[in-house]
Amino acid sequence: MSYERERYIAELAVQRATILTQKVFNEKAKGTVSKDDKSPVTIGDFGAQALIIQAIRKNFPNDEIVAEEEASTLREDKALSAEIWRLVKDIKLEDAESNELLGGSLPSEEAMLDIIDEGKSAGGPKGRIWALDPIDGTKGFLRGGQYAVCLGLLEDGDVKVGAIGCPNLPVDDAATISSSIGVDQNSGAGNGVLFSAIKGAGSVSRPLTSGARAESKSISMRPVPDIAQAVFCEGVEAGHSAQGDNAAVAQLLGITSPSVRLDSQAKYCSIARGAGDIYLRLPVKKDYQEKIWDHAAGDLIVREAGGQVTDIYGQTLDFSKGRTLAANKGVVAAPKAIQDEVISAVKKVLKL
């Protein structure tokens, strides 16, 4: 099976959802809210989830969906529900044929709430299951930095398709990723990338558009002949990865370049196209289990670009255990040629 149709629908669904998330940012988040006000994220999360699940339901009605949000909050908060509906109801791709493929406009606010609730699958080892993160990188979203709309298809626990929209990443693969990438990008000119992969068929990127799908080009991780020259990509939030341990791993490997800090699965996408080399997400809490929607699409995109993705013990990520990566601890992603060396350094630092 080729999975080309699944990839096509996933890309269009993600693309349409990013039209909403950018609208929410510009109307609700930009310069008007304190960082403690989560309502723009809430609105974007629920709205993007509704739009993407609608597209999956229209094209693959029997597939299951694992998503983060449930509509019970909205059924209790009528004002919030009405505001989300106001923003969602007119969102469409400018290309009519592409938009119809996704099911067109949602018919009503009630239909929107019902469809949000279709993301409650428990996951597991059998069947076709979509893992959806409507806004990955909530703090990045609020500060106008990096966030991603992420969708992956699992079949019998194996990731077959991944699509990630990064509205604030530069389209140019060769663009220098500096520390400023994490703030105030505001989907400026030259920003907005859609990454995707099919298992066994490589990874591609294309510019995000508001209409039909743009032309793609294949992407791959860059060779790292000297590990000391490698560049780390890591999270901005200290609560998501143990940054002191990350620094110790870098030191052990002789890496002196400053780490690039960015939110969301944009980290997976950045190393997949050679704008960085190593992504570490080292455990902060002993009992924390990573959510499958935070990793499914990025895991495949990196592997299909010539990388390897494992946990801190060197085990591949197991997406068959339900809604979390219950069998894994942490994440280490790097080019295949240096993965063992990175894992070895991680084990030394974490005393595994």
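Even glycines carry a Cβ here, placed using N, Cα and C.
Within 10 Å of the C-beta of Asp45 (active site, proton acceptor) we count 24 further C-beta atoms, all protein chains included. Annotation source Swiss-Prot lists active site, proton acceptor at Asp45 (among others).
Residues or ranges marked as active site, proton acceptor in Swiss-Prot (evidence: similarity to another entry): Thr138 (among others).
The Mg(2+) 3 binding site feature in Swiss-Prot is assigned to Glu68. DSSP gives Glu68 (Mg(2+) 3 binding site) a coil state; it is part of no helix or strand. Residues within less than 8 Å, Cβ to Cβ, of Glu68 (Mg(2+) 3 binding site) and separated from it by at least 6 positions along the same chain comprise Asp45, Gln49, Gly119, Leu132, Asp133, Pro134, Lys291, Trp293.
Annotated Mg(2+) 1 binding site per Swiss-Prot: Glu68, Asp133, Ile135, in sequence order. In sequence order, Thr21, Val41, Gly44, Asp45, Ala48, Phe141, Tyr147, Ala148, Val149 are the residues near Ile135 (Mg(2+) 1 binding site), counting only same-chain partners six or more apart with C-beta under 8 A. In three-state terms derived from DSSP, Ile135 (Mg(2+) 1 binding site) belongs to an extended strand segment.
Marked as Mg(2+) 2 binding site by Swiss-Prot: Asp133, Asp136, Asp294.
For Thr138, His240, Ser264, Lys267, Arg281, Asp294, the entry in Swiss-Prot reads adenosine 3',5'-bisphosphate binding site, with the evidence type similarity to another entry. Counted within 10 Å of its Cβ, the other Cβ atoms near Thr138 (active site, proton acceptor) come to 18, all protein chains included.
Around Ser264 (adenosine 3',5'-bisphosphate binding site), the same-chain residues six or more apart in sequence whose CB sits under 8 Å from its CB are Asp136, Gly137, Gly140, Gln146, Tyr147, Ala148, Cys150, Cys166, listed in sequence order. Here Swiss-Prot flags His240, Ser264, Lys267, Arg281, Asp294 as AMP binding site, drawing on similarity to another entry.
Figure note: comparing Cβ neighbours within 10 Å for the binding-site residues Asp133, Asp136, the maximum is reached by Asp133.
Residues Asp133, Asp136, Asp294 make up the record's Mg(2+) 2 site, and a Cβ search at 8 Å around their centroid adds Glu68, Ile135, Gly137, Ala148, Cys150, Ser264, Gln265, Lys291, Trp293, His295 from the same chain. Note on Arg281 (adenosine 3',5'-bisphosphate binding site): other Cβ atoms within 10 Å of its Cβ, all shown chains, come to 22. Among the binding-site residues Lys267, Arg281, Asp294, the residue whose Cα lies closest in space to that of Thr138 (active site, proton acceptor) is Asp294. Across the fold, the C-alpha of Lys267 (adenosine 3',5'-bisphosphate binding site) and the C-alpha of Asp294 (Mg(2+) 2 binding site) stand 11 Å from each other.
A coil conformation is recorded for Ser264 (adenosine 3',5'-bisphosphate binding site) in the three-state DSSP classification, outside any helix or strand.
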